[in-house]
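Novice: Encoded as structure tokens, here's the structure I'll be asking about.
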Amino acid sequence: MRDEIFKEPISKQFEFDDFVASVFDDMISRSVPFYDVSSNLNAKLLAKILPKSAKVCDLGCSTANSLLLLNNLRNDLVLSGVDNSEAMLANAKNKAKAYGASINFILADITECELAGFDAVLANYTLQFIRPPKRADLVQKIYNGLNENGVFLFSEKIIFEDKKLTKSVIEIYEDYKQAQGYSRYEIAQKREALENVLVPYTEEENRNLALNAGFKRVESTFKWGNFMSFLAFK
């Protein structure tokens, strides 16, 4: 379905409810620049570096896009997805069934669920929705739950230290969204709905989240304007 949620006036903050879940794949593909390109790149990188029969967990898996890409590249991987939206997981299960993918889906709050014994943890555009006081604790839990030499792949919307640069990049990004078919009204509506719900960090703050948790190094695998993917190594 096409994302037209913000064509009408909104009266609440953004949340991953049934309406968002029903249009999520269209929403993210038109809202995150080069989403398909970056998702495929990150999946291929993981497919190359993960050991045989590696255990992978996607936190905030939404409709399982990343997990399905991995399953297509490596059918030996043991895949799990965690999300707190029943509607998202319902769509994820339907897609996994359609593609014949064996994925364990878990309905849970990612800040409270147990994480242990994984070779890779994914969090694509997920940390930005975790309240800042809980974010460092979650990344620490991810680090603790990874096996030796495990990796943490996460993608985030970012801001810059320079406020003028941030403003300019956001303007370019909103032009991009308009080119994807969103009206200026829809863009403004969503921006308002996301206020204080999506809290972005700078590139340095995101790197430090991982480094302070104990990761040895953090590489960047993709970047466009204010969107970025990181790969942290335990």
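One is the number of the first residue shown, and numbering goes on along the chain from there.
Cβ coordinates are placed from backbone N, Cα and C, and glycine is handled just like the others.
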Novice: Among Asn72, Asn94, Asn124, Asn206, indicate the single residue that Swiss-Prot lists for the S-adenosyl-L-methionine site containing Tyr35, Gly60, Cys61, Ser62, Asp83, Asn84, Asp109, Ile110, Arg191.
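Specialist: The one candidate that Swiss-Prot places in that S-adenosyl-L-methionine site: Asn124.
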Novice: If you draw a 10 Å sphere around the Cβ of Asn124 (S-adenosyl-L-methionine binding site), how many other Cβ atoms fall inside it, taking every protein chain shown into account?
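Specialist: So the number of other Cβ atoms within 10 Å of Asn124 (S-adenosyl-L-methionine binding site) is 23.
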Novice: Please give the S-adenosyl-L-methionine site's span as the largest CA-CA distance among Tyr35, Gly60, Cys61, Ser62, Asp83, Asn84, Asp109, Ile110, Asn124, Arg191, to the nearest whole angstrom.
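Specialist: Roughly 25 Å, rounded to the nearest whole number.
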Novice: On a simple 10 Å Cβ count over all chains shown, which one of the binding-site residues Asp83, Asp109 is most densely packed?
Specialist: Asp83
Novice: Validating a neighbour-count step here. Other CB atoms within 10 A of the CB of Cys61 (S-adenosyl-L-methionine binding site): how many?
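Specialist: 28, counting other Cβ atoms within 10 Å of Cys61 (S-adenosyl-L-methionine binding site).
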Novice: So if I draw a 10 Å sphere around the Cβ of Tyr35 (S-adenosyl-L-methionine binding site), how many other Cβ atoms end up inside it?
Specialist: 19
